[in-house]
Amino acid sequence: MRLCDRDIEAWLDDGRLSITPRPPQERISGATVDVRLGNRFRVFQGHTAAYIDLSGPKQEVAEALERVMSDEIQLGEDEAFFLHPGELALAVTYESVTLPDDLVGWLDGRSSLARLGLMVHVTAHRIDPGWQGCIVLEFFNSGKLPLALRPGMLIGALSFEPLSAPAARPYNRREDAKYKGQQGAVASRIDKD
C-alpha cells in the first residue's frame, strides 16, 4: 500500500523520510511528491564508438563508456538544455532523497511531458530502501521537436510504499551499490556488475 499525502508529510515531519530541500505542501498531492529538474546533465557522444559490447570484458566496457559519455554539463540558472528527437541524455533531480530501510520509492514522469514525447525515466524507476542521493533521470525525446529543459521545472513525481519489514540489504549498506550517494548525472557503471 502506498503512502498518502498525510502519511508522506508525517514521515517527513518525523524524519523517517528525507527530501532535501523539503517540498512545500502544494507539491505533495494524493500519493505523490513532485520533484524538479536539477542543473546537471550528461549526453552520449555516439560518434566516438561503433558499439558497446555490454557482455564483453569489463575493462573494454569501461573504456567504451568513457569514450561515449560526455563530461558532466552544469547549467546556469537561466540556461536550457535542449534534447533533440531520438536523443538520450542523463540528468538529475534537484532534490536529494533519503529512504529508510523499510520504504521503497517509485519515480514516474509527468503525463504532460510524455504527451510531448519526453520520457523522463526510461527504466529502473524503483528507488531502493536505504537510498541516499539525487535521482538520475534517463531522458529520451521520442517526439518530433527539440525540447528545452530548464533547471527547476517540475519533472516527475515520487510515491512511496512501506515494506513488510526493514530490508536486510538496504542500498546504503550494500558493498556492490554502484550509485551510492550520487549527486550528479552519474553515467552507467555496468562495467561494475
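Each Cβ is built from the backbone N, Cα and C atoms, and glycine gets one as well.
According to Swiss-Prot, the feature region 'Disordered' maps to residues 171-193, out of the candidate ranges 56-78, 171-193. The two recorded residues, ALA114 (dCTP binding site) and GLU138 (active site, proton donor/acceptor), have Cα atoms 13 Å apart. For LEU137 (dCTP binding site), the same-chain residues that are 6 or more apart in sequence and have a Cβ closer than 8 Å to its Cβ are LEU37, LEU90, ALA91, VAL92, THR93, VAL120, HIS121, ILE155, GLY156. Here the CA atom of GLU138 (active site, proton donor/acceptor) lies 13 Å from the CA atom of ARG110 (dCTP binding site).
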